[in-house]
Amino acid sequence: MHVDYRYKQTSKLTQLLQALEVNRRLIDLLPSLPHIERHLRRQSILKSALFSARIEGIGTASPHDASKLEVKNILSASNWLHSASGPRRLSLKVICQLHSRILSNLSPDAGGFRREASAIFNQAGVAIYFTPPPIEIKPLLGQLIRHTKRILINPIQAAVFHFGFERIHPFLDGNGRVGRLVSTLILKLDGYNFRGLIDLEEYLDANRAAYYDLLNLASKDITAFVEFFLTGLVDQSEQVINKLRGQAETTEDKLLPRRQEILNTIREHKQVSFDFIRRRFLAIPASTLRYDLRQLAKQNLIKKLGVTRGAVYSPAEYN
């Protein structure tokens with residue numbers, strides 16, 4: 001297998017790169033909305049988990065538990081990627097660390113390269129490509145990393161690496177999730193972070209047939225895949241702009257997570273007593289919960305009905 005992939009600088013590719021640069025600058029200029037962005041980022045991760053479950057399977061845990069674990073793991077890996085202590089360069093070690101986080105408590109092979117033959121299957125379950133043998137995985141990944149770093153245009157680096165990584169298919173499970181996170185890392189390292197809100201999974205899910213067809217390219221020239229990948233980045237960055245433009249953070253957006261959960265509980269049940277809230281938050285002191293409720297009332301998000309021990313709380317909008 002070769003990994004020294006090439007691409008042609010087509011007029012379409014030039015237009016896509018220009019559009020992506022414009023979108024990057026627009027997103028950088030939009031006001032910071034940390035609470036809204038945190039919500040959008042979590043939505044993106046939930047979509048990522050759904051997409052991954054469709055094409056990769058879930059592993060050895062029960063489907064319900066695996067689904068929750070998968071979301072938790074992707075959130076952990078994504079948070080690490082974007083944190084101050086996150087990776088500052090691409091390496092084999094970083095790839096294995098991401099895989100370890102992604103499949104934590106889901107697979108005994110978390111963090112380890114596959115030790116058996118594998119293949120890439122299309123939506124119909126037909127093998128469209130047989131991956132290289134396990135003994136070639138480390139050398140091929142090392143070559144791919146070095147080749148990718150020689151490409152001068154960052155978004156094209158991300159596209160080329162993604163193609164090569166999926167073709168090498170270094171793990172038995174989790175290749176899609178790890179591959180997309182590594183592409184995110186490559187983009188982030190050169191300023192194409194898009195505030196961590198790019199949801200490439202949605203684009204790939206909507207174009208799965210084309211995605212698999214392009215992964216099956218046998219030529220060293222992967223211009224078609226690079227154009228496909230960049231089209232997805234442009235499409236999703238435009239969606240980020242549309243989601244952020246004209247938004248303003250509300251009082252509710254700025255709530256602490258526990259207070260948001262208390263508010264959601266009150267909205268769900270319409271009227272609740274303090275004892276009902278207390279049973280939901282047994283690890284939190286009663287005095288802290290009472291303070292939370294006073295603050296929610298002060299912010300006009302809930303109403304307290306009554307003044308004795310029989311008082312109940314309801315949403316401000318509930319009549």
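Positions of Cβ are set from backbone N, Cα and C atoms, glycine also.
Feature annotations, reproduced from TrEMBL:
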- 90-231: domain 'Fido' (DOMAIN)
- H169: active site (ACT_SITE)
- D173, G174, N175, G176, R177, V178, G179, R180, Y211, Y212: ATP binding site (BINDING)
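In space, N175 is the closest of the binding-site residues N175, R177, G179, Y211 to H169 (active site), judged by Cα positions. For the recorded site, H169 (active site), the DSSP three-state label reads coil. Listed in sequence order, the residues of the same chain lying 6 or more apart from G179 (ATP binding site) and placing their CB within less than 8 Å of its CB are H162, F165, E166. Here the domain 'Fido' (90-231) has, by DSSP, the following mix of helix, strand and coil residues: 84 helix, 8 strand, 50 coil. Max Cα-Cα distance over the annotated ATP binders (D173, G174, N175, G176, R177, V178, G179, R180, Y211, Y212) is 18 Å. Each of the recorded positions H169, R177 was scored by the other Cβ atoms within 10 Å of its Cβ; the lowest score goes to H169. When other Cβ atoms within 10 Å of the Cβ of Y211 (ATP binding site) are tallied across all protein chains shown, the result is 22. All chains included, 24 other C-beta atoms sit within 10 angstroms of the C-beta of N175 (ATP binding site).
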